[in-house]
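**Student:** When I checked TrEMBL for this same protein, it listed these features:
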- B:21-43: transmembrane segment (TRANSMEM)
- B:73-288: domain 'ABC transmembrane type-1' (DOMAIN)
- B:76-98: transmembrane segment (TRANSMEM)
- B:110-130: transmembrane segment (TRANSMEM)
- B:159-184: transmembrane segment (TRANSMEM)
- B:205-230: transmembrane segment (TRANSMEM)
- B:269-289: transmembrane segment (TRANSMEM)
């Protein structure tokens, strides 16, 4: 497509007067631009379509859904499906809506995020600045362990949690999230702390600061960005989890994703697509808000987690 | 602590060791211990409760003669090839398009990446609705006048896995695009200038110069995609619950169902060990290349 821009004869290069860039000024509506932006816009529409359909469906009444087309905007906007999804939708015998799952998810996510980041940041700090014999071995096991399918470790963890009496409780799930968040977060923090100037650490040691002193007074205040990245990573990851929620909690402590799936895929009753879509948006709302607010940091989080690996 | 003449090797750096206890426990007890435990018990005939009653490879024979497992494996292969090929191609093309110094790059990137913030459950349910034969895309196209139009992947057992792959690609390509974009940004601008001076067409530059230079990025991306493929579970649960019939079952779901519903733990362990094995086939060569090579440097 754009090779015409390139195929100018080498003779033009000799003429310094034209500057190094050659034939830069081009039409805004050149074929290249039309192709480029056209493709991007079409793809962007495709990516936005499901979100649009979700929102539109959730604002329609059931009669309108049965008659119409899923892409058409609602003729009559109603918020009833949202209210119903939040406070009346049924899972099994409970008919108190998604709100229960929402609060369960909050009670799972908040402690899990705090605990997993606390553990992983200290681990990363120990690995970066206080290497002890064998530390790297454990770290490699941890990283390789991140690739083991969860299904392999699910049942042993059930047994461990049952032994310590936490199976089925929210605290049990918090521990599970901290365990499985550890590899990626430890990697993130280790890399970050390793990139900090060594002299800083040495100076603090000379001044007599110990392990925790340096961590709390020097490392922690200097590494706020990476903590924000870790929080973003963990909030979205834990909120979106389904497998651990369904394995390690009971129906009354199910996180939002599990409850959502039970509401939408329940076989009894008439399907209320508008309520289902409202419930789906409600569940996706928290990570979406995190995503749109965090912007570049979100990208940095996944890139740090992925490319560095 | 009683017999201390000079600081014992064990107590050097004690704080760091204490602080690393969670990591050490996770690595040894959960990752190594848990994996070994599951592999060991996959050779037993555990039913409702794990019991050490060894039956050799019986569970594996049974596994590979269960139609549902074979369907799961076949689905995983199709799903895997589709996700691998399409997410790499689409991800790279989108990244290359975004790398053309375009306007509104951030907006486009935000749009392409937002599905990645959504859970597989949400993704599966949205696409279940879009692909609903009575209300979704098929219905809309038919009501536009094309009466014989048929696009009903979720209720057609021969193509249901493609319906799931569409949803998975929608959710995951944004991530691949971001990784690729980061890789493209890491390429020296002078390479482009040199290629331009030599009059190499842009597509050739990408194909023969840039992509080979991005090998490390491709390998990491490949590993990420591959380990995600094996784990696919929630998406299937949300979108089709494995149906119609057993047409869209996947291994992860087989494991879960046998462990927690069918109360046939041995089968579940054998199936999860097979999953582990398939991951190892991908990971071990990669880890060897990545870390084995680094040691020599």
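The count begins at 1 with the first shown residue.
A Cβ is built for glycine as well, from the same backbone N, Cα and C atoms used for every other residue.
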**Student:** Please report, as numbers and ranges, the same-chain residues at least 6 past the borders of the transmembrane segment (B:159-184) whose CB is under 8 Å from any CB of it.
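**Tutor:** Contacts of the transmembrane segment (B:159-184) (Cβ under 8 Å, skipping residues fewer than 6 from its ends): 75, 78-79, 82-83, 86-88, 90-92, 94-96, 98-99, 109, 112-116, 118, 120, 123-124, 126-127, 131, 153, 210, 214, 217-218, 220-221, 224-225, 228, 232, 235-236, 239-240, 243-244, 247-248.
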**Student:** Under 8 angstroms for C-beta pairs, at least 3 of them, ignoring pairs fewer than 6 apart in sequence. Is the transmembrane segment (B:205-230) in contact with the transmembrane segment (B:110-130) by that rule?
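**Tutor:** When sequence-distant Cβ pairs are counted, the transmembrane segment (B:110-130) does not touch the transmembrane segment (B:205-230), since fewer than 3 lie under 8 Å.
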**Student:** Under a Cβ pair cut-off of under 8 Å, which of the recorded stretches B:21-43, B:76-98, B:110-130 contacts the transmembrane segment (B:269-289) most often?
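**Tutor:** Result: B:21-43.
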